[in-house]
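Q: My questions all concern the structure below.
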Amino acid sequence: MQGGFLIPYIIMLIVEGMPLLYLELAVGQRMRKGSIGAWKIISPYLCGVGVASVVVSFFLSMYYNVINAWAFWYLFHSFQDPLPWATCPLNSNRTGYEEECEKTSSTQYFWYRQTLNISPSLETSGTVQWEQALCLILAWLVVYLCILRGTASTGKVVYVTASLPYCVLIIYLIRGLTLHGAVNGLIYMFTPKLEQLSNPKTWISAATQIFFSLGLGFGSLIAFASYNDPSNNCERHAIIVSLINSTTSIFASIVTFSIYGFKATFNYESCINKVILLLMNTFDLEEGSLTADNLSEMKDYLMAAHPQEYAQLSPQLKNCSLEAELDTAVQGTGLAFIVYSEAIKNMEVSQLYSVLYFAMLLMLGIGSMLGNTAAILTPLTDSKAITSRFSKEVISGFVCFINCIIGLIFTMEAGNYWFDIFNDYAATLSLLLIVLVETIAVCYIYGLRRFEKDLQTMIGRKLNWYWKAMWAFASPLLIISLFIFYLSDYILTGTLQYQAWDGTQGQLVTRDYPSYALAVIGLLVASSTMCIPLGALLTFIRKRLKRERVSTVA
């Protein structure tokens, strides 16, 4: 969360986050149903909104638990001394290090080769990596045991999964702020980059961050709120949860950028020291005559005094830059597993910090999965046709089993590329559409005045002007703008591309998605978004046929 990202993030929190969180909590608490049942009560034509939420939650469950599988994998390896990603492994002849690892770094090698065993492209599927598959099965087993007794037991587990990460973050904050170079990361975080504000991707990323962190559009909020007491003050809860969530995000960003500053400073100083050593050995300089402070002047002097020798040496001289090191920010899984593991390996008592970090990551991941599975299970258990035949334990087990079997795709050698496809395209566009329809449905189909009366009955006071202005005008307009930005930026900009790992070069390279991957992307987006118009169409046909049947009988 950089300085240029903080402004869109705060605006999205005020215009989208808090109002839509309150909206979903109020709908769930008022209608006393899961996502499908709640929107059916508002209007039978909106049954597809709840189905779309369940489909998106199902897609998310399919791939998200793979992150927990990776967290288990790293956690198990954190007990080794030294850490397995601290140094490159020896080659088969034991005469040197693995060639691929020498071309990159030990942390990237452990991630791409020893964890993912990644293929060079999406077209090369490879086989299932059984170590990762077993970790995925373990992750799903933990989720199933947590949700086994229904929402009541899930709530108790969430207390643990939500509170433990705060303890770890405080420990990491204290350690992070004492690391050399931490200040550089914090300055980088809080320095505004105004050019980012004109980039639609920044606003889409801020909206996505808010949607995912608060759980908007997935149906989990409606599902959990349906179990609330009818007189529960959901307005107060919406404000408190939004503020705690955003404060936690900024707090976690401070921890992350302090550690990221340490990593960038360490890499920058290592680069400077290598350049100094190379120049001193080449030009036989006195020890101490060349330092980081006078390096630039000495390079100019040596270039003028020894032009031929300097020209020959020039390709080996790296252009060391702290700003460049800080700019090479990695996001998503790369941040969680590459950047943090690289910083951890350079800390004292690295095993302890590694265990703490990956245990925290596991707690956060399991907490997210509990909310996500609740969004799938609540509409299913609301259906009397299903619950009359199967117990809740069987329904939960079936959902977890299906997701686990499909999730094995992400443990293949090309699995990380499929993970990126699902992560980038399975939810973002769909969530924008779902939340837009939800807002319009409450304000203009159910009626804002009618909803205001419901809220007054529930919480005992009139609806504030802020909520009405956001729901009726600001939130829908901003979502429509983001929707247009998303389409223009991601769909109409030519062939979609992805980052593939090239082991021969030891770096990521850009490749075009093959035609079948583009078809899967289209299917992912369409399968959830099309639920809304299809649901309305089927309801219309059903009502029409029923009317014709009644008129025929009459």
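Note: Cβ is positioned from N, Cα and C throughout, glycine not excepted.
All TrEMBL annotations are machine predictions without curation.
Sharing the feature lines straight out of TrEMBL:
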- S213, N245, L364, S368: Na(+) binding site (BINDING)
- 6-25: transmembrane segment (TRANSMEM)
- 45-64: transmembrane segment (TRANSMEM)
- 130-148: transmembrane segment (TRANSMEM)
- 157-183: transmembrane segment (TRANSMEM)
- 203-227: transmembrane segment (TRANSMEM)
- 239-260: transmembrane segment (TRANSMEM)
- 355-377: transmembrane segment (TRANSMEM)
- 398-419: transmembrane segment (TRANSMEM)
- 425-448: transmembrane segment (TRANSMEM)
- 469-488: transmembrane segment (TRANSMEM)
- 516-541: transmembrane segment (TRANSMEM)
Q: Top stretch among 6-25, 203-227, 355-377, 398-419, 469-488 for CB pairs under 8 A with the transmembrane segment (425-448)?
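A: Of the candidates 6-25, 203-227, 355-377, 398-419, 469-488, 469-488 scores highest.
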Q: Going by a 10 angstroms cut-off between Cβ atoms, which of the binding-site residues N245, S368 has the sparsest surroundings?
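A: Candidates: the binding-site residues N245, S368. Fewest Cβ atoms within 10 Å: N245.
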Q: Please list, in sequence order, the residues in the chain of S213 (Na(+) binding site) that are at least six apart in sequence and whose C-beta is under 8 Å away from its C-beta.
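A: Sequence-distant Cβ neighbours: N245, S246, S249.
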Q: When only pairs 6 or more apart in sequence are counted, do the transmembrane segment (130-148) and the transmembrane segment (469-488) reach 3 or more Cβ pairs under 8 Å?
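A: Answer no: the transmembrane segment (130-148) and the transmembrane segment (469-488) share fewer than 3 Cβ pairs below 8 Å.
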Q: Can you list the residues of the same chain, besides S213, N245, L364, S368, whose Cβ falls within 8 Å of the Na(+) site's Cβ centroid?
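A: Neighbours found: F212, G215, T248, G367.
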Q: Return the stretch with the most CB pairs under 8 A relative to the transmembrane segment (203-227), choosing among 45-64, 157-183, 239-260, 398-419.
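A: Most contacts with the transmembrane segment (203-227): 45-64.
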Q: Same chain, outside the transmembrane segment (469-488) by at least 6, Cβ under 8 Å from its Cβ: which residues?
A: 12, 15-16, 18-20, 23, 200, 203-204, 207, 428-429, 432-433, 435-436, 439-440, 442-443, 448
Q: Contact between the transmembrane segment (516-541) and the transmembrane segment (157-183) is defined here as three or more C-beta pairs under 8 Å separated by at least 6 residues; is that satisfied?
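A: Since fewer than 3 Cβ pairs under 8 Å link them, the transmembrane segment (157-183) and the transmembrane segment (516-541) do not come into contact.
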Q: With pairs fewer than 6 apart in sequence excluded, do the transmembrane segment (355-377) and the transmembrane segment (516-541) have three or more C-beta pairs that lie under 8 Å?
A: no
